[in-house]
Ligand code: ADP
Ligand code: MG
């Protein structure tokens, strides 16, 4: 029997950078997906969160538009790369909320990938597993996403953020000062425009890079920006500054300077709101309320247009900030189903083999 624990992720800074080879710096969450599984001929898997189960033959299956496609997608990408893992009998549990901006989808993919890798000795390292997870979404489920989520879930270390260069795929841990806490506040806003807005932003900056003949947003100079049409200049200008902020934020964390780190987060929020157009009144209020209540800094996290915001707070006033944000939010948006989580920066996916008793 195998016990797999796959975290979710929260991005601290470096938003909308992971599809142009830019930098990002997420943490893995203590909230996690648990998978208890053992090898079998078929795949038979149940999900406690959805009170559902499914079964398929790992050598022949079709997508069915349900959650099971994330599991089938894992077999799809592995088989496309020439691997031939057998099936498994498994139960999905854990406490990671689904669809709350903590990337339960990447967590599920990596839980299944890491189990199969271990149980069937596939010999695939964690970086490759992360890239396979991204392909599950891109090629099988049909969700356009960068590599950040899967990298965080696969490679984070406990007590650290993970600096990722999404161009070179180099990643390294950045220790987080012990007195810092990470507060995530989900606005309860699910905007239908997220997918279309994400795709629109993505094609705008990809067009800008094409026009400049650059293959990474990190190679873009001020002089390059001046050559672009106004909208492309505005969008890519944000990404260029965001990449620089990630590097500064890494230095600030390394130096234990949480004031500086927080200021960078709040500046990142202003910039993504003003120049990438990815915020909304709910997210703006959460950021303002958190900073007013004494957070080091705050910003939207994830794609934006709803979803969640993240605030970095001192352990001493973490609860007070959370309560202050909750009450201001409830006053302003009484009908939104919001939720807040205090996150412990945790390790990436782990697999333990339990001996039978
Ligand atoms: P997020 O990744 O932000 O949580 P997504 O919409 O990308 O939101 O992914 C959520 C989907 O992933 C769920 O609707 C479900 O299909 C699948 N999923 C994630 N975790 C589980 C789980 N434990 N059991 C079943 N399905 C899951
Ligand atoms: Mg997801």
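Yeah, the Cβs are placed from backbone N, Cα and C, and that goes for glycine too.
Counting only same-chain residues 6+ beyond the ends of the domain 'Galactokinase N-terminal' (4-37), those with a CB under 8 A from a CB of the stretch are 45, 88-97, 102-104, 106-108, 110-112, 114-115, 119, 146-149, 151-153, 156, 160-167, 174, 176, 182, 184, 201-202, 205-206, 209, 215-218, 236, 238-239, 242-243, 245-247, 249-250, 264-265, 268, 272, 276, 278, 299-304, 308, 310, 312, 341, 343-352. According to TrEMBL, the domain 'Galactokinase N-terminal' annotation covers 4-37.
Remark: secondary structure over the domain 'GHMP kinase N-terminal' (70-155) totals 51 helix, 8 strand, 27 coil, with classes taken from DSSP. What TrEMBL records for 70-155 is domain 'GHMP kinase N-terminal'.
The domain 'GHMP kinase C-terminal' feature in TrEMBL is assigned to 250-330.
Residues in the domain 'Galactokinase N-terminal' (4-37) partition by DSSP class (helix H, G, I; strand E, B; coil) as 0 helix, 25 strand, 9 coil.
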